[in-house]
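Peer 1: What TrEMBL records for B:GLU422 is active site, proton acceptor. According to TrEMBL, the feature FAD binding site maps to B:THR136, B:GLY175. The domain 'Acyl-coenzyme A oxidase N-terminal' annotation in TrEMBL covers B:15-130. The domain 'Acyl-CoA oxidase/dehydrogenase middle' annotation in TrEMBL covers B:133-244. Taken from TrEMBL, the feature domain 'Acyl-CoA oxidase C-alpha1' applies to B:276-437. Annotation source TrEMBL lists domain 'Acyl-CoA oxidase C-terminal' at B:480-657.
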2 protein chains.
Amino acid sequence: MMDYLAEERKKAEFDVEVMKIAWAGSEHAFRTNDRISRLVANDPEFSNHGKMTLTRKDLLKSTLRKSAHAWKIINELRLTEEEATKLRFYVDQPGYTDLHWYMFIPAIKGQGTEEQQKKWLPLAYKMQIIGTYAQTELGHGSNVQGLETTATFDPLTDEFVIHSPTLTSSKWWPGGVGKVSTHAIVYARLISMGKDHGVKGFMVQLRSLKDHSLLPGITAGDIGTKFGNAAYNGMDNGVLQFDHVRIPRDHMMMRLSQITKEGHVLSSSAPKQLQYGTMVYVRKVIVLDASVALSRATCIATRYSAIRRQFGSQGGGPESQVIDYKTQQSRLFPLLASAYAFRFVGEWLNWLYGDVTERLQAGDFSTLPETHACTSGLKSVITTATSYGIDECRKLCGGHGYLCSSGLPDLYAVYVPACNYEGDNVVLLLQVARFLMKTINQLGESEKLPVGTTISYMKRAHQLLHSTSDVHIAEDWLKPSSILQAFEARAMKMSVRCAQNISNSPTPELGFSELSADLIEAAKAHCQLIIVSKFIDKVQKDTTIKSGVKEYLCILCNVYALSTLQKHLGDFLSVECITPQQGALANEQLRHLYRQVRPNAVALVDAFNYTDHFLGSALGRYDGNVYQTLYNEAWKDPLNDSEIPDGYEEYIQPLLKQSFKYSRM
Amino acid sequence: MMDYLAEERKKAEFDVEVMKIAWAGSEHAFRTNDRISRLVANDPEFSNHGKMTLTRKDLLKSTLRKSAHAWKIINELRLTEEEATKLRFYVDQPGYTDLHWYMFIPAIKGQGTEEQQKKWLPLAYKMQIIGTYAQTELGHGSNVQGLETTATFDPLTDEFVIHSPTLTSSKWWPGGVGKVSTHAIVYARLISMGKDHGVKGFMVQLRSLKDHSLLPGITAGDIGTKFGNAAYNGMDNGVLQFDHVRIPRDHMMMRLSQITKEGHVLSSSAPKQLQYGTMVYVRKVIVLDASVALSRATCIATRYSAIRRQFGSQGGGPESQVIDYKTQQSRLFPLLASAYAFRFVGEWLNWLYGDVTERLQAGDFSTLPETHACTSGLKSVITTATSYGIDECRKLCGGHGYLCSSGLPDLYAVYVPACNYEGDNVVLLLQVARFLMKTINQLGESEKLPVGTTISYMKRAHQLLHSTSDVHIAEDWLKPSSILQAFEARAMKMSVRCAQNISNSPTPELGFSELSADLIEAAKAHCQLIIVSKFIDKVQKDTTIKSGVKEYLCILCNVYALSTLQKHLGDFLSVECITPQQGALANEQLRHLYRQVRPNAVALVDAFNYTDHFLGSALGRYDGNVYQTLYNEAWKDPLNDSEIPDGYEEYIQPLLKQSFKYSRM
């Protein structure tokens with residue numbers, strides 16, 4: 001097999017095999033990923049051939065087929081839970097199993113009593129029931145407290161009556177509800193003795209386990225086609241309505257609240273904070289998924305930019321490689337660096353999850369506010385940047401990026417919902433901002449200050465507010481201390497400025513609302529500081545990274561930091577934590593860094609170790625055989641089944657033959 | 001019919017009927033748009049029902065059907081050319097006729113001799129031949145000079161031999177080539193007497209007019225599925241290869257070059273600059289299309305933001321309208337203002353096109369360099385902003401924006417190619433930058449300075465480089481002079497800084513290449529100045545605008561200018577044309593402007609006068625009956641044809657019934 005990228009690979013200045021392990025996080029993780037991704041890639045049942053042209057019915061059917069096949073493989077090969085999760089991940093087709101394994105089962109674990117867990121978990125683990133998570137409603141998204149579905153307790157029969165009182169109370173969006181799930185945890189307002197006790201979760205069976213028909217009183221269907229050619233269209237996101245559906249009392253998830261036979265609602269002694277553990281877990285997964293999505297896109301764009309040539313031909317020679325253009329580098333390399341940055345902050349969230357879990361078990365809730373703010377903010381900033389970055393990679397591939405065979409359109413369409421689910425990105429940043437404002441208001445009272453590493457810079461508020469950058473020449477921007485100082489001062493000053501402006505408002509609430517656009521920018525600054533500092537920590541402190549690759553991670557870290565600074569230069573200059581001169585030096589240093597990335601670019605994306613199956617891109621192929629692949633893929637389109645298109649006789653021939661009686665001129 | 005937006009419409013402080021005319025540009029334009037768009041909306045043949053779930057074959061067939069029907073209507077009703085163009089526009093489905101009318105016919109007009117025009121135009125006007133424009137190749141996009149297809153002159157037979165020597169020379173992307181077009185203007189390297197004379201256009205017949213079969217030596221097919229659910233998938237963008245296809249000598253388009261029987265290639269006396277007229281025309285159309293696309297998206301997002309409620313419930317009352325959140329306003333209103341800004345700069349380009357045409361006819365080429373730079377730059381900046389803005393509107397609609405029934409996914413997918421076609425947006429900005437650098441180098445020699453309004457500020461270079469902003473309080477930012485001063489100084493200083501940095505490089509070419517990322521930012525600054533100044537001109541000088549609406553256009557103009565300043569604050573501060581303090585005042589003034597837009601927001605999008613057919617959005621409906629429509633649309637999805645999905649017996653039942661022999665735990 002010809003390797004069209006061989007010359008590029010020779011240019012690399014580090015050992016790509018070592019970088020693969022640094023990217024994966026450990027030798028073990030690398031080996032597992034490698035083995036499972038090849039297992040999936042080599043199994044024809046998991047082929048994605050023709051996926052982009054399937055009808056929705058056939059696409060859903062292919063999801064069902066692949067899910068059943070995955071289940072078969074997982075059992076046949078006796079895969080561990082880790083391996084099974086990776087296998088579903090590399091199959092890379094959203095479907096009902098995502099909801100079953102990552103929402104339904106965790107909800108039972110988190111909200112069910114021991115008894116309830118014993119009843120439902122074994123069935124769910126064996127997939128004898130297939131479950132989902134039904135929270136959002138047609139008229140209500142992020143605001144759980146606004147949900148309208150009711151669960152009215154009837155003490156006469158010891159049952160709840162689940163009901164959808166309005167059109168807008170229809171459950172809307174839950175994956176799997178449309179056609180597949182047999183059960184759902186349904187969120188509804190608990191009404192007992194005429195009183196509204198707020199939103200609780202209830203286990204409701206939706207479909208017969210015998211013939212899959214909907215149970216009496218239940219209406220369910222698919223909510224229609226979604227963005228993208230395949231993307232989430234193989235998932236049956238659904239609408240779900242209840243017409244006085246009765247369920248037994250013990251189907252309320254009772255770990256945190258209970259209801260007695262008489263209808264008295266009791267709060268559990270279990271601390272409510274326990275649910276935060278799940279939230280940190282989910283956001284860690286989202287951040288790591290972002291690094292995967294962005295690395296896939298940058299892998300495609302980088303390889304194709306090395307293959308593609310345009311302009312710059314000297315004396316009839318070949319045109320220049322697109323990757324050599326500074327305009328291409330200045331858009332592509334920051335995204336490549338971001339993929340690495342998000343990967344490492346995801347690793348850190350992994351650690352944080354362990355730390356929070358331990359603390360919660362020990363009854364230590366002191367780090368929760370900071371953890372909540374930092375995971376909310378990172379989820380928001382990183383999913384927004386990733387969705388932007390994927391589309392930017394598509395544009396960096398020129399016109400061919402618009403073809404589904406480039407892989408990029410579907411990568412984008414499947415990714416963008418991450419900006420809305422698990423907390424709308426704007427709402428999340430406002431939560432971060434609230435935490436920052438609260439922290440600033442407590443700066444005088446050190447005993448009240450939240451604990452945790454991401455906020456510790458605020459304790460140096462006085463110093464940061466009066467600090468100036470020590471950058472005099474471009475190379476000074478390579479010092480981690482200079483970068484951190486600038487990012488800390490920016491975040492600090494933006495937050496303080498918001499706090500001051502709020503304090504000039506008639507009331508804090510009015511001020512917060514009026515200034516919310518500024519508060520969001522302050523929250524972003526705080527989150528970008530976290531990402532930068534965790535990347536610096538990784539490079540400086542992680543002893544598992546070998547020195548041969550460490551300096552290239554260092555380059556990427558600097559690219560991430562300085563390109564972020566450049567993109568948000570207005571922030572840095574408006575709070576005067578750097579001078580225009582220092583901004584220009586950062587720009588100069590960035591150009592130098594791009595020159596260092598250039599020869600290593602292909603190796604840096606090879607380090608992701610993605611199979612051609614997982615990339616799913618004619619442009620991103622490992623061997624760089626781009627044009628032949630695009631060409632071959634084109635002929636597979638159903639439109640090429642016949643030379644003469646359907647409709648020729650009715651709609652083309654009459655024009656050409658002027659058999660319309662109308663003609664112009 | 002219930003109007004859920006009636007309350008919003010009552011809030012408007014201006015007469016929406018008057019604004020409709022200001023938006024359309026004239027009473028005549030408004031009436032024509034109104035009549036033709038209703039004609040299309042009321043014709044069931046043009047219905048878009050079910051479009052998002054059609055297979056490619058059926059989608060192409062629907063394009064053919066609609067195109068034939070449009071042709072029938074155009075002839076039956078004896079529509080004028082203007083009306084026919086509008087009708088095709090409101091049908092809003094990309095197809096082969098776009099290429100035929102807007103590329104093939106103009107190419108014959110621009111590049112054909114009178115004789116050639118007489119031969120082919122009547123056939124084309126009657127659609128007895130269907131043509132397209134085959135320039136780009138699989139391995140060659142923007143760089144026309146890199147094309148590989150050859151047209152070798154054979155004096156023995158007085159013919160050209162059209163040939164595709166390599167895989168990468170395959171024509172790739174031309175619309176209509178895949179399945180429909182009978183003819184194409186093919187761009188190929190003219191080879192005569194062993195010499196390469198560069199790229200010329202040739203009329204080549206592709207398909208038999210009798211049975212539509214491909215002619216001998218021609219291979220053509222579709223290049224495959226593209227981004228989006230419908231979008232361009234009803235267009236047969238094609239691949240086209242030639243195996244020594246012979247065409248007569250007089251099929252070379254000979255207006256600008258001729259070839260004799262003996263094979264001598266002659267340049268025409270017709271000035272080459274004449275082709276620039278077409279270019280200005282095409283870019284004017286692109287800019288006006290951008291304002292349409294962005295206004296559609298903002299119309300949907302604005303109406304839905306007024307309907308949608310989230311959080312903020314006071315004492316059990318309804319939640320707050322999303323449009324009342326400052327975070328929503330600060331993202332949505334700048335896009336609304338941009339739609340108006342692009343509309344008016346498009347009008348100005350219309351004037352410019354007339355002006356250039358007159359000048360060219362009079363042999364005056366003096367304004368061409370400036371016209372070329374400004375149309376290139378506006379195309380680039382405006383299509384980039386529009387494609388970003390459409391996707392931002394989707395995000396502003398929350399999760400429901402991800403449903404195709406929102407109309408936004410397809411609006412995005414159909415729009416984004418505008419960033420690549422007719423000049424890649426980055427390449428175009430580099431051309432603007434070249435022009436700016438050249439202008440700066442000639443600043444000392446006033447006789448060499450390019451003529452034209454968009455560059456006149458550069459003649460005040462000295463003043464601008466030493467000027468400071470006169471803004472002291474937030475209201476000062478409402479003065480057009482203050483806005484213009486800031487935008488002019490920013491553009492001027494950024495260009496001059498680039499020029500200085502280039503002059504410090506070993507060679508100008510090296511410097512230009514090394515600094516190209518900065519040059520692009522300078523070019524953007526120049527283009528944004530043009531947009532701002534044309535908007536200001538429109539509001540200040542256009543006497544057709546009535547005073548009742550003028551002040552609201554003025555508000556939008558200020559929103560456009562100050563939100564652009566805020567977004568690029570780093571530019572303004574780094575070249576020190578405003579102070580951080582003045583930046584903060586702009587931000588403060590912007591908040592005040594958003595408060596003024598708020599009550600008028602729905603009326604400002606009503607002024608676009610779009611039919612529900614053209615909007616194609618459950619969220620953007622005129623009557624605001626959003627949730628019932630989303631609900632009804634959902635049930636129409638083919639996936640809801642049956643309660644039990646295809647694949648249940650094979651892939652779900654075996655799991656639930658544990659008839660797999662494998663089960664876990």
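Any Cβ shown, glycine's included, is placed from N, Cα and C.
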Peer 1: Looking only at C-alpha atoms, tell me how far B:GLU422 (active site, proton acceptor) is from B:GLY175 (FAD binding site), rounded to the nearest Å.
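Peer 2: On Cα coordinates alone, these residues lie 14 Å apart.
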Peer 1: Would you list the recorded positions among B:THR136, B:GLY175, B:GLU422 that come within less than 8 Å, Cβ to Cβ, of chain A, in the order they occur in the sequence, writing 'none' if nothing qualifies?
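Peer 2: Near chain A, the qualifying recorded positions are B:THR136.
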Peer 1: Starting from the Cβ of B:THR136 (FAD binding site), draw a 10 Å sphere and report how many other Cβ atoms land inside it.
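Peer 2: A count of 22.
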Peer 1: Including all protein chains shown, what's the count of other C-beta atoms within 10 A of the C-beta of B:GLU422 (active site, proton acceptor)?
Peer 2: 19
Peer 1: DSSP on the domain 'Acyl-CoA oxidase/dehydrogenase middle' (B:133-244): how many residues come out helix, how many strand, how many coil?
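Peer 2: Secondary-structure breakdown of the domain 'Acyl-CoA oxidase/dehydrogenase middle' (B:133-244): 7 helix, 50 strand, 55 coil.
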Peer 1: Through the lens of DSSP with three states only, how would you label B:GLU422 (active site, proton acceptor)?
Peer 2: coil
Peer 1: If one looks at the chain holding B:GLY175 (FAD binding site), which residues at least 6 apart in sequence have a CB under 8 angstroms from its CB?
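Peer 2: Counting only residues 6 or more apart in sequence, the Cβ neighbours of B:GLY175 (FAD binding site) under 8 Å are B:PRO94, B:GLY95, B:TYR96, B:ASP98, B:LEU99, B:THR132, B:TYR232, B:MET235, B:ASP236, B:ASN237, B:GLY238.
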Peer 1: For the domain 'Acyl-CoA oxidase C-terminal' (B:480-657), what's the mean pLDDT in this predicted model?
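Peer 2: Value for the domain 'Acyl-CoA oxidase C-terminal' (B:480-657), mean pLDDT as a whole number: 97.
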